[in-house]
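Asks: Annotations per TrEMBL:
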- 96, 150: substrate binding site (BINDING)
- 112: site 'Increases basicity of active site Tyr' (SITE)
- 171: Mn(2+) binding site (BINDING)
């Protein structure tokens, strides 16, 4: 049987159940056979909770054949994966609070994806994401890294420039904007097409097409 393994770096994140829901809803198109959830030792309790919830969600939808494993190192999780999804936060929530307060301290936007807070997060994150990329190069050279880690643009560019790993940077802003525009124009979501010049919190939609008419 053909296998499809996804390694989730930052598997104990509260965003993981939403990811699992998406996999369940699209299992016909993306027939995942294994989910490897990776976290740090400090996140052991969280990732155990998320893994148990994942198994319950899969069972509820009749997908008990999907293997769910938990790892506290990269090698075994990445080995044999077709996709490596990164949604990590170096320093956990305490670091996020520090990043956001850094901007506010100087009367700037307090944000972890842009500005001074986003750059501080990038400086902590890039060395770690490059370690992940090196493991992908060695253990799963054909795999794609799907990066959700903020600041998505800088982090994705760092991997693209300084490793041979294949990477795609992802952000929910474009699809949220698609939903919003569809509602404003009373159009179907699948009819709305957007041209984006940056998929991040500073993303800019340069052109929209709804039902064949450019707006």
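Backbone N, Cα and C atoms are what each Cβ position is placed from, and that goes for glycine too.
Remember, TrEMBL labels are computer predictions, not curated facts.
On this model, are these features tucked inside or out on the surface, and what's nearby?
Replies: With a 10 A radius on its CB, residue 96 (substrate binding site) counts 16 other CB atoms from all the protein chains.
Using a 10 Å Cβ-Cβ cutoff, residue 112 (site 'Increases basicity of active site Tyr') registers 22 neighbours. DSSP gives residue 112 (site 'Increases basicity of active site Tyr') a coil state; it is part of no helix or strand.
Under the DSSP three-state reduction, residue 171 (Mn(2+) binding site) is assigned to coil, being neither helix nor strand.
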Asks: Go through the recorded positions 96, 112, 150 and tell me which ones have a CA within 10 A of the CA of residue 171 (Mn(2+) binding site).
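Replies: Matched recorded positions: 150, sequence order.
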Asks: Given residue 96 (substrate binding site) and residue 112 (site 'Increases basicity of active site Tyr'), what distance in Å do their CA atoms have, once rounded to a whole number?
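Replies: That comes out at 6 Å between the alpha carbons.
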Asks: For the binding-site residues listed here (150, 171), which one has the lowest count of neighbouring CB atoms within 10 Å of its own CB?
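Replies: Counting other Cβ atoms within 10 Å of each of the binding-site residues 150, 171 gives the minimum at 171.
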Asks: Can you give me the Cα-Cα distance between residue 150 (substrate binding site) and residue 112 (site 'Increases basicity of active site Tyr') in Å, rounded to a whole number?
Replies: 7
